[in-house]
Amino acid sequence: MTQNHYTTSIFANCSKHYEFEILLETCTNSTNPCHAVSQIQSAITIAYVDYYTSVALFSIAALLDIYCLIITIPLYRRMKDDSKKKYVFLITRCISGLLLVVAWLLIQCIYLRFIAPSQDNLPYYVLALALNIGSTYVLLGSYVGMAGILYLGVLNPIAFNQHLTLRIVYIAVCIIFVISIFISIPLAIFQALMTVPTSSMSCTDTACAPLITLINFVLVFGSLITTTLTLTFVLISLCRHRKEFKKLDTTSNTSLNSAVRLLKFTLFAVLLLVAAEVIPFVISETKKKHSVVTGCYYFYHSGKVIQYAVFALTESSIWSIALIIDPLINIIFDRTVSKKATDQVKWMRKSCVGLVRKVTKRSNPENFTETSEI
């Protein structure tokens, strides 16, 4: 900007200036434009922090899910059918978590950062949304399935061994995937149309948007509440069983303690997802209160811009933490997977120590000469 522009600008008396000020010159009704533009800049900074932390944390979550699959799948192939029943859902958790991370990276770091959703890329945007929604329901379904397997395996071993076959578990996983796809595709289409209306279809605030929001709310929180109640019920049942038989069988207590710890941290991850899902609905309900939003509205209410940016940062942070915790739960608290991971860590440590010793010896050839002379 030139000096002449600053003298005629509503930001002329501001101590700091920003390149985007020219876009707000027509917003002359602000009582404190300097404070407002500063808050807009703060919101932009928060958005940058959101972007970079999302890339870092979701990438860590993806690597952990991949590592969990690398450990679990070879173990799964060598297991007997009774053991495979539990690990089907563990593998499903890792796969759905990985797909969910990919969806978050697509939406958070590509469409919301580099490529604005438009009619040209609408099918790809719908695909990313469907992947996000569907993976969430598959993840929650795998939580419920895993809890059911643990409940039957500990409290009703006869039903677990005689009536629950591996084929039934596979069918249950397929049903979870089919239901998730059936739910995610239409929801993704209508959510995309809220952002990018087309000439043939649209989803406005006066037409379908309230209904889609309500349906999404019922489905999301219904599934989250169902998952939370199921995990809580199974956890309480296992804790009571552990208390009753604590002094009878040390071996079963070891397995039972592992199952209880697994359920506790899984329940914690689900509660994080509940908190993360509350935020979008809070934002949407807040925005609904403003029926008419002009181009200068958010400049006049710059505090709300920071509020929305903080909400977005909090939501993505909670999601990323939950998706990092989930594979860690499988790796740390499942006895078989944990033992395999521990063996790999020991092997890597031993290999690194051996490599360092070789490099050290090669870098000090005098030591070899002295040793041979002696």
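A Cβ is built for glycine as well, from the same backbone N, Cα and C atoms used for every other residue.
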Membrane_side_equal(Leu131, Cys203) from Swiss-Prot: yes
Long-range Cβ neighbours of the topological domain 'Cytoplasmic' (159-169) (under 8 Å; 6 or more residues past either end): 81-82, 84-85, 88-89, 145, 149, 152-153
Stretch-level contact, the transmembrane segment (87-107) and the transmembrane segment (305-325), CB cutoff 8 A, at least 3 pairs: yes
Contacting positions for the transmembrane segment (263-283) when only residues 6+ beyond its ends and CB under 8 Å are counted: 136, 140, 143, 146-147, 150, 213, 217, 220-221, 224, 227-228, 231-232, 234-235, 238, 308, 311-312, 314-315, 318-319, 321-322, 325-326, 329, 333
For the transmembrane segment (55-75), distant same-chain residues with Cβ under 8 A (at least six beyond the ends): 87, 90-91, 94-95, 97-98, 101-102, 104-105, 108-109, 316-317, 320-321, 323-324, 326-328, 330-331, 336-337, 340-341, 344
